[in-house]
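Single-structure report; data block below.
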Amino acid sequence: MAFMRLGSKSEAFHREGQTWLCTTGLVSDVTIEVGDMKFHLHKFPLLSRSGLLERLIEESSTDDGSGCVLSLDEIPGGGKTFELVTKFCYGVKIELTAFNVVSLRCAAEYLEMTDNYGEGNLVGMTETFLNEVFGNWTDSIKALQTCEEVIDYAEDLHIISRCVDSLAVKACADPSLFNWPVGGGKNATSGQNTEDESHLWNGISASGKMLQHTGEDWWFDDASFLSLPLFKRLITAIEARGMKLENIAMAVMYYTRKHVPLMNRQVNMDEQVIETPNPSEEDQKTCLEEIVGLLPSKKGVNPTKFLLRLLQTAMVLHASQSSRENLERRIGNQLDQAALVDLLIPNMGYSETLYDVECVLRMIEQFVSSTEQAGIVPSPCIIEEGHLVKDGADLLTPTTLVATLVDGYLAEVAPDVNLKLAKFEAIAAAIPDYARPLDDGVYHAIDVYLKAHPWITDSEREHICRLMNCQKLSLEASTHAAQNERLPLRVIVQVLFFEQLRLRTSVSGWFFVSENLDNPDNQHGANGGLLKPRGENVRERVSELEKECMNMKQELHKLVRTKRSWKNFTRKLNFKKKSECCKPKDQATPAI
């Protein structure tokens, strides 16, 4: 850590309680009060260094020559800083460091200790040392932290802006090229001037060891010790100098985890847990609301996992509505990057549902709206025998990914007995039909919901099944649906019909290929030898499809026969009851 020694005399003061006395033996002729501290001093050393003290002493002097009493309660830095100022005026040895130079510079300005009142006065000396401090990352961090104590004076003297600019330059520079002398987080605030911290401007330590850097995140920990207002100014300056938005986002995330420890309760075991203080929930809430506005606004820069965790913490802390809406909008715009487990947000409101489905619905609607405005539509695809076949571009478009995510989310929340049918349908219907190449996911979610809500009416079952397109079910899903007793009979018949139609089309196509393969005119030389095994495979496949088709026809006939038998039985039973009711009493069967 940089330092500068001023003065040459030995200690000339001693303290008695809250009073400082001079040991020179001369009687004090001026008493200066700073807060609850009293300094019994002499006029001449003060008059020769401070313009303010010169005026105050002249105004307070009496004709009888008695000592005067002055009050300097507004001096920057308080009694501790004025103690150093007093020693400087008396020529006693003091040491300027990154921890005291800012308050001394502000106090010197307040006391008007310019070179007009003696060469090498405190204003000039502290200004010279500040320029040295600004050349060093660790010292600049320490100095910026102390600005909090004298914020107004430091602002007027442009100390904060100069310090922030120097830090921004170093953070944006390549440390491997410039060898900025960086320190480690805790050492930056400990105030210990260890041997390892004694280094030159180029980063070479006094012991001959080169300071090590750990990549682009080397400055995150040091910056996290700043107060939120100063951290915001540093991030703004760094962003203005063109740092990558991804690095800025990571720095803000690091700061958030440190100052909003409630977020760390949701950290997975494989994630780094940052040691944090224990601020109040109100302080955490204030910090979170400020952080939301500090995050880069560009889509995809902030990890969706972090945004979802931040949103959940905002709900716990009852953050402002604008902050939560901001987070929901950010998450919605990049919902395709979310993981299912992170969407399972516990319900913090008055609703009876286990999860906050209203919040997720708003984010889905935001995503659909943003993609439609951008004109993003999934590439066309073909569904052949229940399997996706690519046609051109990759099918994993953002909209398709979100459709899969939403179907998985519906399957997770469907077992909640308090989840209303209307809300389930609203979430499923929020995804446009073109976003689902297959409807297997939404079918699975519907099946889970029907299983968890067996009391819903037949009309409601019919209504919820309209969310899926039976033509877009895979072969496996169709087979399951055809045997699913929870589905309405109309839906089962529809599934069987479309599956039979699909199989018939496939069989016709395979027969066409088989006939061409059997034609000897199409087999010549080596090509005939290659096509013969293929023809055998085609015949086997055709045989399998015919068997599957016959099985489905039999299942369909069984369902229809069962339904007809039940109707005939019911009709006969009703006819028998009516016949018995219509018999005359005198024709009743006599008792045996």
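For all residues, glycine too, the Cβ spot is worked out from N, Cα and C.
Record features, source Swiss-Prot:
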type	residues	note
DOMAIN	28-98	domain 'BTB'
DOMAIN	217-502	domain 'NPH3'
MOD_RES	TYR443	phosphotyrosine
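Listed in sequence order, the residues of the same chain lying 6 or more apart from the residue listed as 'phosphotyrosine' and placing their CB within less than 8 Å of its CB are MET468, LEU473, ALA477, ALA481. Mapped onto DSSP classes, the domain 'BTB' (28-98) shows 27 helix, 19 strand, 25 coil. Per-residue pLDDT, averaged across the domain 'BTB' (28-98), gives 90.
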